[in-house]
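Here the structure is laid out as structure tokens; the discussion comes afterwards.
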Amino acid sequence: MADRVNASQGAAAAPTANGPGGVRNVVLVGPSGGGKTTLIEALLVAAKVLSRPGSVTEGTTVCDFDEAEIRQQRSVGLAVASLAYDGIKVNLVDTPGYADFVGELRAGLRAADCALFVIAANEGVDEPTKSLWQECSQVGMPRAVVITKLDHARANYREALTAAQDAFGDKVLPLYLPSGDGLIGLLSQALYEYADGKRTTRTPAESDTERIEEARGALIEGIIEESEDESLMERYLGGETIDESVLIQDLEKAVARGSFFPVIPVCSSTGVGTLELLEVATRGFPSPMEHPLPEVFTPQGVPHAELACDNDAPLLAEVVKTTSDPYVGRVSLVRVFSGTIRPDTTVHVSGHFSSFFGGGTSNTHPDHDEDERIGVLSFPLGKQQRPAAAVVAGDICAIGKLSRAETGDTLSDKAEPLVLKPWTMPEPLLPIAIAAHAKTDEDKLSVGLGRLAAEDPTLRIEQNQETHQVVLWCMGEAHAGVVLDTLANRYGVSVDTIELRVPLRETFAGNAKGHGRHIKQSGGHGQYGVCDIEVEPLPEGSGFEFLDKVVGGAVPRQFIPNVEKGVRAQMDKGVHAGYPVVDIRVTLLDGKAHSVDSSDFAFQMAGALALREAAAATKVILLEPIDEISVLVPDDFVGAVLGDLSSRRGRVLGTETAGHDRTVIKAEVPQVELTRYAIDLRSLAHGAASFTRSFARYEPMPESAAARVKAGAG
């Protein structure tokens with residue numbers, strides 16, 4: 001990339017701002033393949049940061065610099081590139097469009113104050129993008145729509161515009177119309193043509209008059225409806241021509257309020273529309289001063305008064321992304337909400353995920369409060385870091401080698417520690433069991449997983465104590481693929497995916513007696529232990545009870561604990577299909593001992609054998625874990641989801657309306673039927689549904705399903 005960075009925009013000349021009023025933080029969102037990363041290339045060229053654009057297919061773009069992104073030719077992580085236009089610093093936040101990487105999208109939304117919804121002219125709007133628009137509406141985030149890929153063979157601007165308006169509402173109106181190698185401004189009624197990176201202005205052709213007038217009328221009415229001047233509509237309807245400057249002023253206010261959403265067509269390959277888009281971003285989108293800060297608390301959880309987005313206010317910043325680079329080490333991407341960050345200063349680092357979310361992520365992100373020294377500050381241009389003397393309120397920067405700060409942590413003045421309420425991260429719901437291909441790589445695997453979990457809050461690492469498996473909880477197959485790819489290429493660990501074992505359990509269906517006999521007397525010191533036990537089932541959750549009813553010293557007192565130890569060891573191994581036995585009472589009734597050959601080990605073996613014989617004398621049932629799930633699904637897919645849940649042995653508990661044509665389905669489903677549900681639900685509802693899950697209880701597995709498990713264990 002270095003050969004494409006203009007000399008005047010090189011490492012020593014990163015765009016800077018004197019205060020939050022000179023910053024715009026813009027996140028690009030939309031479907032995968034919509035052209036977000038390529039659009040950023042075109043904007044960087046338009047702002048003369050780059051001399052020419054890079055290519056996704058060639059792996060040369062600014063924002064897709066990760067090895068996995070280059071190989072897969074799609075974004076998998078958040079990236080930031082900044083430019084200066086008309087005296088304003090614009091931080092462009094690129095996010096992945098694929099649903100598996102929604103954690104990166106969430107971080108991008110947190111870092112930004114406004115959003116560009118990027119829609120390809122040959123594709124339209126998908127369901128997750130519609131849901132995201134509703135989410136942004138609920139928090140009042142200012143938005144604009146960019147229709148890209150105007151030069152695609154199947155491009156249809158009119159259809160894409162209609163799809164955006166159908167999905168996002170009637171306040172989505174174009175400011176420009178595409179025309180040949182340029183755009184027609186609907187307010188200025190001028191044609192802007194692009195050639196050799198330059199924009200020229202001329203009068204549109206007469207053949208465009210009708211469509212200009214139609215679109216211009218709708219635009220003007222839309223702007224006037226959002227005007228704070230209530231007399232403007234009356235004057236307009238009375239035939240008065242409203243001055244263009246008045247319309248522009250009202251337009252900019254409505255965009256900043258998040259009540260009007262301009263549409264800008266852009267052809268990234270030719271640069272058409274890039275300057276118009278930058279004008280909307282710098283003049284219409286609000287500065288960080290106009291965007292409310294996240295909720296602020298003390299480390300003890302006490303609400304704190306809202307801080308001003310001001311350079312001189314107390315420091316309040318947040319780590320929105322953490323990466324590990326093999327050459328420069330750990331890099332933290334930080335959004336400054338108030339105050340100023342300077343190099344060689346000490347800040348307080350607070351992480352309080354579990355305080356806010358009940359421990360949901362505390363296994364990989366434990367609560368912590370500690371001081372840390374700031375080293376080198378820089379402004380990111382994708383992977384390239386450009387030195388920063390200071391970072392003002394509202395800006396985004398990169399900080400190298402923060403050893404204690406993790407994604408989601410708050411940085412504040414050590415004299416007045418504060419905590420920002422973390423943004424809500426989606427729970428990873430796809431379990432993938434893995435093992436190091438070579439046993440010698442197990443330590444490297446542990447290190448690599450620890451570092452990846454610190455970087456990615458949507459990745460959860462589980463060391464399952466019952467199944468003895470390492471389980472990655474991921475957002476989907478693509479997310480899991482990137483994790484495995486990174487382990488192999490960054491940490492040099494070859495990993496095998498193995499069959500996931502659901503932690504089933506076994507219990508006795510009825511009372512049974514067992515005789516355990518472990519006798520070996522072939523000369524020398526032998527082994528001698530005999531015991532008789534009775535096994536009784538207990539209610540769910542009762543655990544294990546051991547009773548001693550031996551009379552007459554048939555089993556010497558010192559060996560009775562060994563019988564229990566042997567029973568417990570066999571319970572851990574299972575007596576039916578290799579799963580732990582739970583909820584039983586074992587009563588030691590009788591036994592025999594030898595004055596010389598009896599030993600601790602002999603009675604342990606006798607206890608284990610007695611339990612196995614008791615199991616053979618009665619019915620042993622498998623218990624399976626049941627989860628309660630809550631599925632949020634568009635109404636159009638409710639029938640399909642209900643049918644699918646039924647096929648998974650699910651019991652529907654009820655449904656309720658969630659608004660925005662969505663329904664919540666609550667059901668209980670066996671865990672064994674949910675191992676791929678994150679993938680299947682996405683396919684079933686075209687990516688528009690989501691679900692949560694929580695453990696409910698264990699209950700007997702149906703005999704047909706249990707028989708398949710037993711056959712597999714055999």
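Even glycines carry a Cβ here, placed using N, Cα and C.
For LEU150 (GTP binding site), the same-chain residues 6+ apart in sequence whose C-beta sits under 8 angstroms from its C-beta are ALA121, TYR157, PRO178, PRO265, VAL266, CYS267, VAL272. Taken from Swiss-Prot, the feature GTP binding site applies to 30-37, 94-98, 148-151.
Per Swiss-Prot, the feature domain 'tr-type G' maps to 21-289.
Annotation source Swiss-Prot lists region 'G1' at 30-37. Away from its own ends, the region 'G1' (30-37) comes close to residues 56, 61, 63-64, 74-75, 94-98, 116-120, 123, 125-126, 128-129, 148-149, 268 of its chain (Cβ-Cβ under 8 Å, at least six residues beyond either end).
Here the region 'G2' (73-77) is broken down by DSSP into helix, strand and coil counts: 0 helix, 0 strand, 5 coil. Annotation source Swiss-Prot lists region 'G2' at 73-77, citing sequence analysis.
Same-chain residues lying 6+ beyond the ends of the region 'G3' (94-97) with a Cβ under 8 Å from its Cβ atoms: 27-34, 36-37, 40, 63-64, 74-81, 104-105, 108. The feature region 'G3' is assigned by Swiss-Prot to 94-97.
In terms of DSSP helix, strand and coil, the region 'G4' (148-151) has 0 helix, 1 strand, 3 coil. Annotation comment: Swiss-Prot describes 148-151 as region 'G4', evidence class sequence analysis.
Applying DSSP to the region 'G1' (30-37) sorts its residues as follows: 2 helix, 0 strand, 6 coil. Per-class residue totals from DSSP over the region 'G3' (94-97), listed helix then strand then coil: 0 helix, 1 strand, 3 coil.
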